[in-house]
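Visitor: Feature table excerpt (Swiss-Prot):
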- 26-61: repeat 'Sel1-like 1' (REPEAT)
- 63-97: repeat 'Sel1-like 2' (REPEAT)
- 103-130: repeat 'Sel1-like 3' (REPEAT)
- 132-167: repeat 'Sel1-like 4' (REPEAT)
- 168-203: repeat 'Sel1-like 5' (REPEAT)
- 205-239: repeat 'Sel1-like 6' (REPEAT)
- 242-275: repeat 'Sel1-like 7' (REPEAT)
- 280-305: repeat 'Sel1-like 8' (REPEAT)
């Protein structure tokens, strides 16, 4: 393998290791990077990566400091150390490393001892450098009032900066603000536009939302086939709400042929995830014999689960079923 990087142009890995052993920090970083590629956590190569990255980082190598800081955040690693992660990420961030600034913000935001105010500082630095991930993260902080006063207008501003760069989560978050009219005038058409952008990149929440929009005709022309298409996309990623709505569409023949068995299977899939709406729909099917024999005992058990969940009042359905038993 041949590397091309400054002092190590056109050198083999053995030649770079030789330079690294003599104290060349660029060579040390490259060796650390080499061992870090796809290495299993706590494997021999992972230990070598730590060793060489730390040597380079201690000499002030910015990329090594960033990489080392990131490695200290790895879950399940025996080296995981929040304080060391912050220490090395801050070293790199202070040298102007934008990715380190965002990673430092994330570690301060989501780490063992959250410090939202400091996280905002580092997100801001990275966001102002144009980094879409940091812009989305900063938007989230303003939206939720973490480390700053809640400000939907600023959340909207930063989400839009990231969304325009194609950041899928930001596109979804921007759509949420248009949907709810927070930080911007409510606009269902623009909400649907951004949900679709995000959904096309695989965002599960956006896939569910654009399916809902097509189903209800909100911000787009009603289109049951498109609704089913996107519900299935969301369901493939584990969206329980999509399971329920697919079941409903099969039950009522929306975008597909009416199919009680398919409806029952999708409702059951959601019910297994403890979804009360799915319990209710299954109870109805058992109660009235929709696609299966009437089973009042099963219907009653499901109605009682719904009632216990507090999500809807089904006391009348319970009484009616009890009267039939």
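Using the three backbone atoms N, Cα and C, a Cβ is placed for every residue, glycine included.
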Visitor: Taking contact to mean 3 or more CB pairs closer than 8 A (sequence separation of 6 or more), are the repeat 'Sel1-like 3' (103-130) and the repeat 'Sel1-like 5' (168-203) in contact?
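Guide: When sequence-distant Cβ pairs are counted, the repeat 'Sel1-like 5' (168-203) does not touch the repeat 'Sel1-like 3' (103-130), since fewer than 3 lie under 8 Å.
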Visitor: Along the repeat 'Sel1-like 6' (205-239), what average pLDDT does this model show?
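Guide: Looking only at the repeat 'Sel1-like 6' (205-239), pLDDT averages out to 99.
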Visitor: Could you put numbers on the helix, strand and coil content of the repeat 'Sel1-like 4' (132-167), residue by residue per DSSP?
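Guide: DSSP classes over the repeat 'Sel1-like 4' (132-167) add up to 25 helix, 0 strand, 11 coil.
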Visitor: Using DSSP, tally how many residues of the repeat 'Sel1-like 3' (103-130) sit in helix, strand and coil.
Guide: 21 helix, 0 strand, 7 coil
Visitor: What does the DSSP secondary structure composition of the repeat 'Sel1-like 2' (63-97) look like, as residue counts for helix, strand and coil?
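Guide: Per-class counts: 21 helix, 0 strand, 14 coil.
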